[in-house]
Structures are given as structure tokens and as C-alpha cells.
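Beneath this line is the structure, given in C-alpha cells, with notes to follow.
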Amino acid sequence: MSTDGKNVFAKMIEKQGRNDYYWSNEEYTHATRSRVMLKKYGKEIKKLYGHDPWIWRILTPFILLQLYLGYRASEMSWTTFLLLSYFVGGTITHSSFLAIHEVTHYLAFKTRIYNDFYAIFINLIVPFPYAMMFKTYHSDHHHYLGWELVDVDVPTVVEGKLLSNFLGKFFFLTFQILFYAFRPTIIRRIKFDNMHIINYVVQLTFNFLVYSLFGFAPLLYFLFSIFLGTSWHPISGHFISEHFVFKGDGKQETFSYYGPLNWLTWNAGYHVEHHDFPSIPWNRLQKLRDIAPEFYDDLIVTESWPGTLFDFLFDTTVNQFSRVVREKGAAQREKLLPTLPGSVERG
């Protein structure tokens, strides 16, 4: 390797950014803000609570389309297969992931178990039975936002130490879905209930039937769709933009995006609003902003999800430690009781 090549490689593996998280001893901003907002606009805001059926009415045809494309996958050329996996399958699959996020907040149907069963139905286009596990881990993400090794959305210290360089961040962005899939199961075990078991039985049975009737091509199409749709895909910027701190001193720990990709993602960009009021469905979050604009207009926002991917990669001040973390040692406690005021989110 030439000297120039060695210098370039050395630069790519050079440590970048922070050496530790933004540690917070303050009350959750979501707890504070939602409490004040309810005092001022409680009647109007509570009218927005509840379920909205439009998500399943809109999404179901796209799930069926993805299943049909999987059925036809064996007939596709590799070029068609890859293009459809990225542009169509990847978009549908990532959108379905964010739909499961909405549904597991019990926002699609009035009856809770209907939400669970619909989430399991959505899960069919991803060979891994993740819907009910996501529900459990995501509930903890809301209740214990940023708690060390309890909120499994936060990258671990190992990730921060090993991947805080250009090549490491590129690897992290490329394989984001693997970190989201394996980090929770490695650092925080959960107890399975009946719905977890049903999710596993339904998904594994479906996979077996698909393989038995149509071969491996449909499952391969689904796998490519989930990987390409959560890697260097425009929507994937939301993984980074929601809680990684690019600007400020860590006082703001959640960030919203108001661009056109919200049309494909059930307004997942309205992330500050969602954490403030998780009981408000996707298509009423803009109404929340309209009711109380003074609580949101001065916050830092994300301008672009695709741009966020490149900002994370090339900004040498940002790495996996660019997250707000609280409640040190929480995972070792017998009971998840807070030591800081506001550590359990209200709302």
C-alpha cells in the first residue's frame, strides 16, 4: 500500500467525536412539556387521543402487494429483483416497521388484542417474528427514555468504542437493522407472554409454508427488502435523527422531521410530539402542533432524513455516544425505580 493509501486508511479508522454520552440529571423534557401543555390545552389535546383505523385501511393493500411480489420473485431477473427490493419492497417494509410502531401503541383498533394480531399480520413480510418483541422493548423506550442499558435504543459503550470512526460509522449505518435486532436481545432479556409465542408460531409457520409451496425466492426477496429498506435508504435517516444529538449540548434529546417522507412513514418524523403524547395517532400529530405551536416552534429540527445519514457519517463530532443517557446502573436494579425526578415519563 502506498503512503497516501496508508494515510487515507489511517484517517478512516481514526477516533471521532465524543468519548461518553451526554449524561443528564434533569427531568425528561417530554414529561415537563406534556405536563405544562395539558395544563394549558388539556381539553383540546385529550380530544386527539384514541385510535384511528386509516392506518390499517391504507397499509393492508401494500402488505398484500409485498406478499405478491414475493410470490413472483422466482420469475424476476437479478436486476429487477434488486430494484424492486430497494425501491418497492424496501419502502413498503420500512413503512410497515413504522406501522407496527404505531399499532403496538394500540392506535389502529379500539380493542388492544386486535392491534396485536394486526401487528403480527404486518410482520408476515419480514421472516423474523419481531412485532411483539418490538412492542415490549419500545414500551420501555418510552417509559425509561435514555436509561442506561434499559432503553435498548441507545448504542452500547462497546459500539461507541469500536465504531466511532469513519469505517465504523459506515458499518453502523449500513447494518442498522442488525443493531436494532440484536442489541436488545443481548443486553436486556424480556419475559415472553402468550402474544410473543403466537407471533413466533404464526411467523415460523408462514415461513415454512412459503418455502414449501414456492421455494426460497420469496423469503430471499423479503430479506433483501428489509436489509435494503433499512440500510442506505432515504427513510432510514429516522433511526439517527430521532435521538442523536447533532446540535446543542444535550438539553434536547428528541428531534422531529417535518418533510415529505412523513407521507410514507405514518408521520414518524413527528417524534417529539409522539414522545410528548404517545396516545395520539399519526394523523393527528399535526393538530397537536397547531394547538400548541409555542411548545415546538423553537426546537431544533431535522431538515432531511437522507441528509442525516451523511451528516452522521461525515461529521467528526458525532458518533454512537451522541445520545442523552440517564439513570446510570439502572439495569442492575432489582426494580426499575428512578433516582432522578421525572425519570418515568408521564403522559
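A Cβ is built for glycine as well, from the same backbone N, Cα and C atoms used for every other residue.
TrEMBL does not curate its annotations; it predicts them automatically.
Range annotated as transmembrane segment by TrEMBL, chosen from 83-101, 254-272: 83-101. With a cut-off of 8 Å between Cβ atoms, the residues of this chain six or more beyond the transmembrane segment (54-71) that come close are 84, 88-89, 92-93, 95-96, 99, 102-103, 107-109, 118, 121-122, 124-125, 210, 214, 217-219, 221-222, 225, 266, 281-283. Long-range neighbours of the transmembrane segment (83-101) within the same chain, counting only residues 6 or more positions beyond its ends whose Cβ lies under 8 Å from a Cβ of the stretch, are 55, 59, 62-63, 65-66, 69, 76, 119, 122-123, 125-126, 131, 134-135, 138, 221-222, 224-226, 228-230, 233, 235-236, 238, 264-266, 268. Listed by sequence, the residues of this chain that lie at least six past the ends of the transmembrane segment (204-228) yet keep a Cβ under 8 A from its Cβ atoms are 66, 69-71, 73-74, 81-82, 84-86, 89-90, 92-93, 124-127, 129, 177.
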